[in-house]
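Below you'll find the structure, written out as structure tokens, and then a few comments.
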Amino acid sequence: MEKYCSICKRITREFGMSQDSQHGKWTISSSDDDDDEALPPSGTATSGSPKPPVSSLAVGSEARQSAAKNQLNPVKYETSPSLAGKRKKVASDSTGWALSDSDEDDGEVKGKSLSDLPKKAPPNPKTKKPKVESERPPSPHGRLYYIDEPDDFFESRLPPLNDTYRFYLNKVTGLEKKYNNGALHIRDILSPLFGTLKESVQFNYCFDIAWMVKQYPSEFRDRPVLIVHGDKREAKARLIQQAQPFPHVRFCQAKLDIAFGTHHTKMMLLWYEEGFRVIILTSNLIRADWYQKTQGMWMSPLFPRLPKESSASAGESPTFFKRDLLEYLASYRAPELEEWIQRIKEHDLSETRVYLVGSTPGRYVGSDMERWGHLRLRKLLYEHTNPIPGEERWPVIGQFSSIGSMGLDKSKWLAGEFQRTLTTLGKSSLRPDPPMHLLYPSVENVRTSLEGYPAGGSLPYSIQTAQKQLWLHSYFHRWKAEATGRSHAMPHIKTYMRASQDYSQLAWFLVTSANLSKAAWGALEKNNTQMMVRSYELGVLYLPSAFGMKTFSVDKNPFPVSASFSGFPVPFDLPPTSYTTKDQPWIWNIPYSQAPDTHGNIWVPS
């Protein structure tokens, strides 16, 4: 903690001071905005630069924009200090990316490039940048970045899957084959192996429509697809433009009535000739998210159609998943989803053994406070778990890919309300204060990853937010996933759990789209009488009681997957690995020029 205190003292100095670290300099900006959320300005483009081939891919946050520029115009590591970090001026340096609002910044201050600060005055946060339309390259990593997957990468027959928990990781290009055995790619999910597709809905934040359509097998490629998104204005126009070549693609815009919220939910609804299926996942619908990142998903069983004239309560599961899914869909107040609501009512979802934990934008009072966000999770843990002897020594673990503003100290939100939710076990009045371990990649994790520094484009923790909450960094643990072979596949997955002191058991496990932010999980207002949620999020909660167990055992060797019963496949290694004294959390908008990444490049955000 001493390291962070010394950093904090330096930050209080005059604007423009720099701080040396193992990975380069943190150039600290001053911010007049002490609010937890600030309006994120859209990315701007420079006119007059050569335009790359046409594509309308909405990449997402400004951090992803920086990753794109680093891939399109990589800056090679130079041993000469005078050259390190100086971007070579070529035509593609200003490709004119104009981006939609952030996937995962959850309302953090954006538009302040730290590499620019020594050259010019900080931008006025009240001045909106002009939005300039431009065409963009076909992927956020550049045209030549991806390598083709081997012929046997995709499944030609039904793979061995863990049918007990139905929790799966994504396939990662470049891993030893056994670590993809039992993992799933989007092409596997949409293949005829799982059903004869008639229609589908794709809920997500970030879309590459052309790439998404290609993931459907040729025989299903013209079947109707409904896109549920949260884009507005220019971003919405670009999204619709992407779909012009595909007349079978329609759109449903999610209402975002509270400022700075995002439509961050990631879900597929698949309607087959044989029945119906739900997939709740953590991946955007762009190739980068299915390539060399760690992602997770829950895939439902195939739900059969109910007999005609079945009662309204038919097909419900012990976890009330059907009721909660219908309530979540109804919260959109969207006519486009009405036919899907009716279809779900006509199917038998009784086999479901997970609980739905969602967030939808709004301010909630009374009993409605427990419908969404972390109070929904608290209610489920209160009602469906039991106190455990010695639970004060059972740590809480949170793992995520982005971090919002937590406040000036832990009591403001993290310990004040969120930790109380995560430590709930049954109806006990005991409120222990167990260890809390937060997993977020370090700079070294990102530097040595399969993608190299551009992996940090999907980890949009900004210096403006980090400098206001250095107290948070003492909770941080590195990303390490040797058991799943994914130590070098940076996590875009988000998971939360309660583990035993020896890390062999779990009291519960949650996989979700929700990062560590108040926008995603909600925050109490008006002396704890109101719950305010900004964003749409969705996840599934695994509770042992729904599986006839007292706890889940942890599977220490989850790959290769076998169809026989085994423990729960936690995606990273337990116990978590603490940061060393040299580790820093990855912060996307400062340069890293002291050491090259796995592609021989450095990171110069622009």
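Cβ atoms here come from the backbone N, Cα and C positions, even for glycine.
Worth saying up front: this structure is predicted, and the values here are computed from it rather than measured.
Over all protein chains present, the Cβ of His264 (active site, nucleophile) has 32 other Cβ atoms lying within 10 Å. According to TrEMBL, the active site, nucleophile annotation covers His264.
TrEMBL lists Lys266, Lys494 with the feature substrate binding site.
Per TrEMBL, compositional bias 'Polar residues' is recorded for 63-73.
Feature annotation from TrEMBL assigns site 'Interaction with DNA' to Ser517. Other Cβ atoms within 10 Å of the Cβ of Ser517 (site 'Interaction with DNA'), summed over all protein chains shown, number 29.
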Including all protein chains displayed, how many Cβ atoms other than that of Lys494 (substrate binding site) lie within 10 Å of its Cβ?
26
What are the DSSP helix/strand/coil residue counts across the compositional bias 'Polar residues' (63-73)?
10 helix, 0 strand, 1 coil
Can you give me the Cα-Cα distance between Lys266 (substrate binding site) and Ser517 (site 'Interaction with DNA') in Å, rounded to a whole number?
17
Return only the integer: C-alpha distance in Å from Lys494 (substrate binding site) to Ser517 (site 'Interaction with DNA').
12
What whole-number Å value do you get for the CA-CA distance of Ser517 (site 'Interaction with DNA') and His264 (active site, nucleophile)?
12
